[in-house]
Amino acid sequence: MRRAFRWLLAACVAIATTSAALAADLRPLVQTMGSGGYAGTEKALNQLSEAGDPAAVPVIEALQAGDLYVRKADGLVVIARKAGAGFALTDPLSGAVVGEAASGAIDKIKINNALRRSISATLGALTLMSPDPATRRSAAEAVFKSRDANALDTLNTAIAKEKDERIRRVMEQARAAVILTAGASEGDTQTAIATLTARGDRDALALLSMIAASGATDALKTAAAGAVAAVEQKLMFWGALQNLWYGLSLGSVLLLAAIGLAVTFGVMGVINMAHGEMVMIGAYTTFLVQQGLRTYAPGLTDLSILLALPAAFLVSGGVGVIIERSVIRWLYGRPLETLLATWGLSLALQQAVRSLFGPTNREVSAPSWMSGAFELGGLTITYGRLWIVVFAFAVFAALLVALKRTWFGLSIRAVTQNRPMANAMGIRTARVDALTFGLGSGIAGLAGVALSQIDNVSPNLGQSYIIDSFMVVVFGGVGNLWGTLVGALALGSLNKFLEPYAGAVLGKILVLIFIILFIQRRPRGLFALKGRAVEA
Amino acid sequence: MLTRFFLMGLDRKAGLVLTVLALLAVLVPVMTLVVPEGSPWHLSIFSVSLLGKYLCFALLALALDLVWGYVGILSLGHAAFFALGGYAMGMYLMRQIGPRGVYGNPILPDFMVFLNWKELPWYWLGFDHFAFAALMVLVVPGVLAFAFGWFAFRSRVTGVYLSIITQALTFALLLAFFRNDMGFGGNNGLTDFKEILGYDIQAPGTRVGLFLATVAALALSYMIASGIIASKLGKVLVAIRDTESRVRFLGYDTESYKLFAWTLSACMAGVAGALYVPQVGIINPSEFAPASSIEAVIWVAVGGRGTLAGAILGAVLVNFGKSYFTGALPELWLFALGGLFVLVTLFLPKGLLGLWAQLTARLPSGKGKGAPNGKTADQKGM
């Protein structure tokens, strides 16, 4: 361990010294830029280019912009920018402040057109052939965007030297873009079209449609038109996939919100209108846990979400047990009254949270491992959404196992199927009722932890999910967890596929109408329980 | 025939309700318009409109009680019918503004000018005539309820499922009316009304007139509803509420009975909304909110489900409480309302009007000894 550390240290020192050494080598070269007129500058530029050190990039950029000057007093080459009456001078290599000078005390290093060309070639060479792959890649992307014909030669050299397959592809695409813009022989243009078709994004599409509209020959036009069609098809495919992902992501949010309800409503038959408030309590618990950690253990803030999970489960579950014992147990068998009583509870809980935490949104920040995104083909996937999808399925699986494989789950199923018989077999039905309701509420609390990451933590958080959750459970079929899963994913995808055509609000309205009509066709949902027991 | 129908429902309770309404119809105009302002017996115009608002809610509660209390259909979407009636009246009132809007366009309401619309959408045509608007107040909620009920009852969607899809219905309408391109004013709704039937809508005389119209509508609806309940039709409806399958097996076409009561109830709710809008001066999509439908359910539950007088009493009492609480103790109102939901469902399953029967039935049996005290406390808490 210690040895490894020492190696690391040595390596760091080595890197630091080499870069310092390189900068020292550059200084005399930069110093010669101001002498010998255009030819002298050109010579210095070529030497900088050969040195191949990206540290020279700011110097050359300053030269290009006309900001590079020579101080008359000592011949020092500086970057001068207007500041007040005079100029502020900085060192071109280090960027350190050198001083100030009147406009008469410095001479501009002049450039002509020939020099301009070599400047952009040198800049391209320095960045395109930089030892840092990220710089090379972004330089190639920059050329793709600017389509600067001057960069073509450098690009060719860079492609020949490039070893990284992916960067070379970007460079080739950049070359294709330059060729298509500047015009070239028929064969080269055809190759360029093929390269851009392979790239297949919106930028490529724009370039290709330009060629399709105003290509030099008919053959080119047809080739480009074919390429446009191919790219459009590809984009549509990725677009559909992206929609599918959004649908999955929305579906898993719906699943999270509805799965607790699938227990209280689906298994127990209790219409819990306060379900959304259990979600809200879970979100506020997350907020409190995060605040607590921020105050007492700032190092652990990144873990606050993980710590909030058990806390939210216990808090929401505890509130659920209290509600069941105090209100709901008196109302079994009277679903409509249960609906009203729990609605009343939801109002009171909302107001309680509003009085305690205020009516405004509370900030729950995302941990570092949940922020950011990555690309998969043409898809952009944010880590936050990915974790929520994973989490939703994990909760679903855990609940399934709890219901099917544990003693507690067995008692829940026994009580729902035949209460008096379960009672006679020695199951304490009252306790099972309370715990089942607590389980459903606790899962709602878990959903609250996840939703605190993507929604505003406010007293109204739950209300925005309650109707959706009921739709999911009813659509999927009451009393069937798999139905809830399928219902959530189907409604999520349907919503996201309607959105591009109908807009977000109209899409939602259409989904609601679809559900209303669907329930007419199948009053017991997608996966209805079979048998006479369900006939109320 | 018709007289007999109306007289049939007139029992002692109905007489009491109609007497109270008649008293209101006489006293309120006198106290507002005749009694001078300094007198302790004077009633301000504001209070008249407030009373009128309560009575509109009472009419909504009556409509809801007809389907929930007597047919067993718990609608969580009656506010939708109320709001649709309100929008129909609001559209008429918008057209009456004419060129007096901010933009001074003689044809288009202000919000359409603001959205750069060039001409009136087709569904606004005809709303410059009061008769047409009044017809639409009945037709729009009625047709929606008929279509919805026809589908729902025929596929035998019942109980909680029906409640949840009525909620989905009003939620969908809420979202729809929030959209600007629907042509109903988006989230601002319709407001800034000037006159109704040529009378200035702010004038005390008009206000009292609207109040009287509300009293009349409520009395008429009460008579219709109690007439229905006392008739054979009402007996079938109650039987459907208690055991629908048995009624069906006896050969009754239960769907048609339910559909009739449901559509009638929606029309009544539409009338309530239409009377509400000119007295409050605004209609916006928040009236569609599922929460307002559920609030209407609690009025009925407080007063007594299955008693028409109870629905009216509950609506007036709860809304009086709401006005008082939101003014004096705004923080506490939602606690009070939430508590009311819980206490009424737990301890007053038959509401205030059922309280007496509940007390007399329970006391001799000696069961639930402490309970009556608890109930008196509830009553005071209201």
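Cβ atoms are placed via backbone N, Cα and C, with glycine included.
Unlike curated records, TrEMBL annotations are generated automatically.
Model, not experiment: these values are computed from the prediction.
The list of residues near the transmembrane segment (B:42-64) in space but at least 6 beyond its ends in sequence, with Cβ under 8 angstroms from a Cβ of it, reads 24, 28, 31-32, 35-36, 75, 78-79, 81-82, 204, 207-208, 210-211, 214-215, 217-218, 221-222, 225, 265-266, 268-269, 271-273, 275-276, 279-280, 296-297, 299-300, 303, 308, 311-312, 314-316, 319-320, 323. Per TrEMBL, the feature transmembrane segment maps to B:42-64 (among others).
Long-range Cβ contacts of the transmembrane segment (B:71-94) within its own chain (Cβ-Cβ under 8 Å, at least 6 residues beyond either end) map to 60, 63-64, 109, 124, 127-130, 132-133, 136-138, 140-141, 144-145, 159, 162-164, 166-170, 173, 177, 184, 189-190, 193-194, 196, 201, 237-238, 240-242, 244, 257-258, 261-262, 265-267, 269-278, 283, 285, 287-290, 292-294, 296-297. Per TrEMBL, the feature transmembrane segment maps to B:71-94 (among others).
Marked as transmembrane segment by TrEMBL: B:130-153 (among others). With a cut-off of 8 Å between Cβ atoms, the residues of this chain six or more beyond the transmembrane segment (B:130-153) that come close are 80-82, 84-85, 87-89, 91-92, 162, 165-166, 169, 196-197, 254-255, 258-259, 262-263, 265-267, 269-271, 273-274.
Residues or ranges marked as transmembrane segment in TrEMBL: B:160-178 (among others).
Among the features that TrEMBL reports, transmembrane segment is placed at B:210-238 (among others).
Remote same-chain residues near the transmembrane segment (B:259-277) are listed as 52-53, 56-57, 59-60, 62-64, 66-67, 70-71, 73, 75, 78, 81-90, 93, 134, 137-138, 140-142, 144-146, 149-150, 153, 190, 210, 213-214, 217, 221, 224-225, 228, 233, 237, 283, 287 (criterion: CB distance under 8 Å, separation of at least six residues from the stretch ends). For B:259-277 (among others), the entry in TrEMBL reads transmembrane segment.
Marked as transmembrane segment by TrEMBL: B:297-320 (among others). Proximity of distant same-chain residues to the transmembrane segment (B:297-320), defined by a Cβ-Cβ separation under 8 Å and at least 6 residues beyond the stretch ends, is recorded for 13-14, 16-17, 53-55, 57-58, 60-62, 64-66, 68-70, 74-76, 78, 218, 222, 225-226, 229, 337, 340-341, 344-345, 348, 350-354, 382.
Positions annotated as transmembrane segment by TrEMBL: B:332-357 (among others).
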